[in-house]
């Protein structure tokens with residue numbers, strides 16, 4: 001599960017980097033289009049010259065410059081829309097990435113808590129093995145009356161043992177109020 005989440009996280013990171021690069025290219029294209037619009041606007045505002053053939057030729061050039069200006073403004077508008085779309089996608093990917101990183105952190109903590117619990121030997125399998133090995137003599141060890149019976153939640157059957165991870169993580173529980181035998185946290189009882 002962890003490897004799948006890590007792989008998905010790497011996929012999302014690569015996609016985020018690609019969208020960031022696309023966004024950078026879009027911004028550069030926007031700057032070029034803005035410069036072209038400014039240059040064409042200045043050309044279109046030049047004072048009219050005399051009505052000689054050169055002036056007529058210049059007017060036609062001005063008309064084509066205005067056509068280019070309209071085209072560039074449309075291209076600029078499209079680039080802005082693309083940039084907005086890419087920003088939304090980027091934000092959605094960042095939300096997914098953060099969610100996955102949070103989930104990975106939770107699983108990591110759960111695994112660490114479970115490893116700690118198993119290293120301490122308080123697992124239900126260890127208690128059963130000790131009980132059968134030591135019998136039911138009151139020795140104060142996990143097979144005696146002060147062992148699993150003391151850990152058993154109120155109302156739980158004789159086979160139920162409550163164990164808690166030292167870090168306050170999830171714990172197995174025999175209480176009928178627990179969902180699937182799990183307790184959400186140490187601060188909330190079953």
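Keep in mind that glycine also has a Cβ here, set from the backbone N, Cα and C atoms.
Residues annotated as domain 'IF rod' in TrEMBL: 1-118. Mean pLDDT for the domain 'IF rod' (1-118) in this predicted model: 84.
Residues or ranges marked as region 'Disordered' in TrEMBL: 41-61 (among others).
Residues or ranges marked as compositional bias 'Basic and acidic residues' in TrEMBL: 42-52.
Look at TrEMBL and you will find 137-163 (among others) tagged as region 'Disordered'.
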Per DSSP, how many helix, strand and coil residues does the domain 'IF rod' (1-118) have? 109 helix, 0 strand, 9 coil
